[in-house]
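For reference, Swiss-Prot has these:
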COMPBIAS  682-692  compositional bias 'Polar residues'
DOMAIN    152-198  domain 'F-box'
REGION    682-703  region 'Disordered'
REPEAT    230-254  repeat 'LRR 1'
REPEAT    255-280  repeat 'LRR 2'
REPEAT    281-305  repeat 'LRR 3'
REPEAT    306-333  repeat 'LRR 4'
REPEAT    334-359  repeat 'LRR 5'
REPEAT    360-385  repeat 'LRR 6'
REPEAT    386-406  repeat 'LRR 7'
REPEAT    461-488  repeat 'LRR 10'
REPEAT    539-563  repeat 'LRR 13'
REPEAT    564-589  repeat 'LRR 14'
REPEAT    590-615  repeat 'LRR 15'
REPEAT    616-641  repeat 'LRR 16'
Amino acid sequence: MTPELMIKACSFYTGHLVKTHFCTWRDIARTNENVVLAEKMNRAVTCYNFRLQKSVFHHWHSYMEDQKEKLKNILLRIQQIIYCHKLTIILTKWRNTARHKSKKKEDELILKHELQLKKWKNRLILKRAAAEESNFPERSSSEVFLVDETLKCDISLLPERAILQIFFYLSLKDVIICGQVNHAWMLMTQLNSLWNAIDFSSVKNVIPDKYIVSTLQRWRLNVLRLNFRGCLLRPKTFRSVSHCRNLQELNVSDCPTFTDESMRHISEGCPGVLCLNLSNTTITNRTMRLLPRHFHNLQNLSLAYCRRFTDKGLQYLNLGNGCHKLIYLDLSGCTQISVQGFRYIANSCTGIMHLTINDMPTLTDNCVKALVEKCSRITSLVFTGAPHISDCTFRALSACKLRKIRFEGNKRVTDASFKFIDKNYPNLSHIYMADCKGITDSSLRSLSPLKQLTVLNLANCVRIGDMGLKQFLDGPASMRIRELNLSNCVRLSDASVMKLSERCPNLNYLSLRNCEHLTAQGIGYIVNIFSLVSIDLSGTDISNEGLNVLSRHKKLKELSVSECYRITDDGIQAFCKSSLILEHLDVSYCSQLSDMIIKALAIYCINLTSLSIAGCPKITDSAMEMLSAKCHYLHILDISGCVLLTDQILEDLQIGCKQLRILKMQYCTNISKKAAQRMSSKVQQQEYNTNDPPRWFGYDREGNPVTELDNITSSKGALELTVKKSTYSSEDQAA
């Protein structure tokens, strides 16, 4: 073999080997790409499947979560339904039990009422039988048992303090009667402390002068307070007062026989007098000269309606030691006093704190300016019946620290006066601005910052509306307000009452008389004033529904719904059932009411002290018999216009209502004059006549409704009566 062939063979072999290995390498690379691609495809398929599974699982998971939430809500709802069902069962049982107990209690009250009424009638029968037996025949065994079962109580065994407290509740006439029972009772009525204060005005028509003189002579060292108001006494009797050396208070108002000479004797013998009431007497300048000479410690002086003294008499007050300790002064009705007279008062009585000047049309701004120049301590001011007082008076009073102010029936007082009040009298607690037509909502806005205000009387201020009251209640004054009189403020509506329930937590007395826009919704807001004890809704549109809502209050003691023609017996009965503590009720001029309301009062409201059913012609003797049998604490009763009542009710009242003090029975055509005269000796004040009821009552002397033609003039008369009755608030009347 040649080298060339070897080289050629080697080259061929090498080429073949390279070709073989290259093809093999190429095939291997292709195989690797397919494997990688297959792996990638597998991974892609796996990833795709995972993402698909993840998406499906997410939807499934969301679905399952929703199902779980729905199931949870369903279970909660089922639990709530079961709980509400249990509550419903419990409340149903409680309601049935409460109704059963209420029904049982009501039945017990009715049964007790019937038993007491039966006992009352038996007592009346025995009493009348005893009155008819003039020879006092032997009693039956039952009557003897009734008498003998009475428990004996000897009050003379009580401590002296307790005995005094018992006798303090009695009038002078009752004390004298008690002293005539026996020797032990006479000794109890001779306690010295019992004769510190003697009120002869309550027995002015009973006790003659000689007994008054002997009483004063016997107790001359113990007497501290004497009241002769309205007594028609001889001058000698007044002179006996001078023996009471320790006398501190003397009231001789309305005594026509009291003269300057009587005053001279008293002033010489009683130098320690602190309070002196000379109102409506015939005193002159001579008495005025005696006051500073003898009464050096005089603090309270009333010269109301004494028109015989002059400015010169007021000048005498500065003589000697003067009346510089005078704190209270009443000059009501003294129209003879001029501006100079008020200057004399300012010079003599610089310490005056309480000033009352009523019924004085001659009072002007200059009079007040002259007075307050030196009397800067005035805190209480009363000007009623002074039409010439204007805003200038408030400007002049800016130097005084007023706490109580009262104006009434003044047309010259405007909103400007209240701007002075806001700036100068931050401590005002009582504001009476009744029947001041110039007052608007702006005035209430000025009063809102008064933090000490407790009493606000804006009766007959017809220009006041919801907006003004809202602005007032939004201020700090609403938090302490205790009494609010908005009678005849006809622009007020339910919005004002809603604001009252939100902002007045301490409101006790509220008058919304003749607020005609008040509805049942407003009555619902009144229930939310939890501190309320007295409400006047007379002349409003209240119905039985409103009374049912009002009965939920539970704490009302006084309710007035006079001239409310939509209420019936059912409404009053529903209210009485829930108002067991009711003390005052006025349903006068609600002619649709009958005996049923009196029965409800006798059953549920036995603590009643004041009742007015004037203008209710359907009330009969049987109703008053029930009232007398149950309501033994009745003090004030107005049955004027109850034309069906007879003399029988007066006998019942004398037996059952022994605490009756004021009785009004005008237009009672079936009550005789003789019976009324007998009754007058049992009460302190009585009004009686047998005239036919006025036409605006709406019925005749037999209780039959009058025709529309006869009732044309009724609205005017009723309005005048309503305006007159609604002027004063409860606290003002008490004062």
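Easy rule for this one: first residue shown is 1, then count along the chain.
Cβ coordinates come from backbone N, Cα and C, glycine included.
From a predicted model like this one, the values you see are computed outputs, not experimental measurements.
Within the same chain, residues 197, 200-201, 204, 209, 212-213, 216-217, 220-224, 261-262, 265-266, 268-270, 272-281, 302, 304 sit at least 6 positions outside the repeat 'LRR 1' (230-254) and bring their C-beta atoms closer than 8 Å to a C-beta of that stretch. Taking residue pairs at least 6 apart in sequence, the repeat 'LRR 15' (590-615) and the repeat 'LRR 4' (306-333) share fewer than three C-beta contacts under 8 angstroms. Long-range contacts of the repeat 'LRR 2' (255-280) within the same chain: residues 228-235, 238-239, 241-249, 286-287, 290-291, 293-306, 330, 332, each at least 6 residues beyond the stretch ends and with a Cβ under 8 Å from a Cβ of the stretch. According to DSSP, the secondary structure content of the repeat 'LRR 5' (334-359) in residues is 10 helix, 3 strand, 13 coil.
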